[in-house]
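Everything on this sheet refers to the single structure shown next.
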Amino acid sequence: MRIVVLTGAGVSAESGVPTFRDADGLWEGHRVEDVATPEAFEMQPGVVQRFYDERRAALALVAPNPAHTALARLGTLPGVDLLLVTQNIDDLHERAGATDVLHMHGELLSALCASCRSRCRWAGDLADFPPCPGCGMTDLRPDVVWFGEIPYQMERIQSALMRADVFVSIGTSGAVYPAAGFVQMAAACGARTLELNLVPSEGTSFFDEARHGPAGRLVPDWVDEVAASLGVDTR
Ligand code: APR
């Protein structure tokens, strides 16, 4: 069974990572356009670096929840060919044991050099503009996709959506494209589509089925159903 899962901020909400659109449109007290655009970085690089430095440091204070754990288990089920795509820049899927997570909006734990375009793993701060380990220039930025930039690995995602038997969207408001359009692409290519979200998303009507509630409950239940349908013992 070929499954494409798309996750958003809601999958990490029960771990204590704030979502984007549940707090009056503010993200940790900032308007996204003040911290998540190339223009903001050009105007106020220190402010933007500090914002992401705080988010990176905050990763140490959170842990995966049962939704992350269930998705890691999904990838190990015999007969499942999973592509786990996340819009999240945290590392909670990986810490739950998921392998090959596609971070379409980048990762907090990665830095991108604006000079040589190389990437490196980065766990510390960037606000003091450290040199790039590759070229030595002090042009490192968070390796995250800002508004107006193109999400990563779109070709791989699109080809998986075209071949998927099942597409599941978890914990995302359906407000940000291109991810919000994945359901229609998968459905047009024959996949069954399922939404698992706290409340109906903006695109809820595009799904064959929608279940509403916390991801920490809905996702393990759904993974158990998949396992049972494949004859895997879930006890
Ligand atoms: N379980 C399931 N869903 C939840 C939970 C939960 N415990 N808590 C909140 N949600 C849902 C909300 O109801 C909302 O529909 O998760 C969704 C989160 O939506 P957003 O905050 O808009 O986050 P997301 O969809 O991931 O945002 C997409 O927008 O700002 C950009 O680049 C950023 O990747 C992000 C993109």
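Each residue, glycine too, has its Cβ placed from N, Cα and C.
Whatever TrEMBL says is automated annotation, not expert-curated.
As written in TrEMBL, here are the features:
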type     : residues                              : note
ACT_SITE : HIS105                                : active site, proton acceptor
BINDING  : 8-27, 87-90, 171-173, 197-199, ALA215 : NAD(+) binding site
BINDING  : TYR52, ARG55                          : substrate binding site
BINDING  : CYS113, CYS116, CYS132, CYS135        : Zn(2+) binding site
DOMAIN   : 1-235                                 : domain 'Deacetylase sirtuin-type'
Cβ under 6 Å from ligand 1: qualifying binding-site residues of TYR52, ARG55, CYS113, CYS116, CYS132, CYS135 = none
Remark   = Spacing of the two Cα atoms, SER12 (NAD(+) binding site) and ARG55 (substrate binding site), in whole angstrom, works out to 13
Request  = Calculate the distance in Å between the alpha carbons (Cα) of GLY8 (NAD(+) binding site) and the residue listed as 'active site, proton acceptor', and round it to a whole number.
outcome  = 10
Query = Going by C-alpha positions, which of the binding-site residues (GLY16, GLN87, CYS113, GLY171, LEU198) is nearest the residue listed as 'active site, proton acceptor'?
reply = GLN87
Task = Take the domain 'Deacetylase sirtuin-type' (1-235) and average the pLDDT across it for me.
result = 95
Ask   = Which one is closest to CYS116 (Zn(2+) binding site) in space, judged by CA to CA distance, out of the binding-site residues GLY16, PHE20, TYR52, GLY171?
value = TYR52
Inquiry  = Helix, strand or coil for ARG55 (substrate binding site)? Use DSSP.
reply    = helix
Query = Excluding CYS113, CYS116, CYS132, CYS135, which residues of the same chain place their Cβ within 8 Å of the centroid of the Cβ atoms of the recorded Zn(2+) site?
reply = ALA114, SER115, ARG117, SER118, PRO133, GLY134, GLY136, MET137, ASP139, LEU140
Ask   = When neighbour density is defined as the number of other C-beta atoms within 10 angstroms of a residue's C-beta, which of the binding-site residues GLY8, GLY16, GLY171 has the lowest density?
value = GLY16
Task = Using Cβ-Cβ distances, find the residues under 8 Å from PHE20 (NAD(+) binding site) that belong to the same chain and are at least 6 apart in sequence, listing them in sequence order.
result = ALA9, TRP27, VAL32, SER173
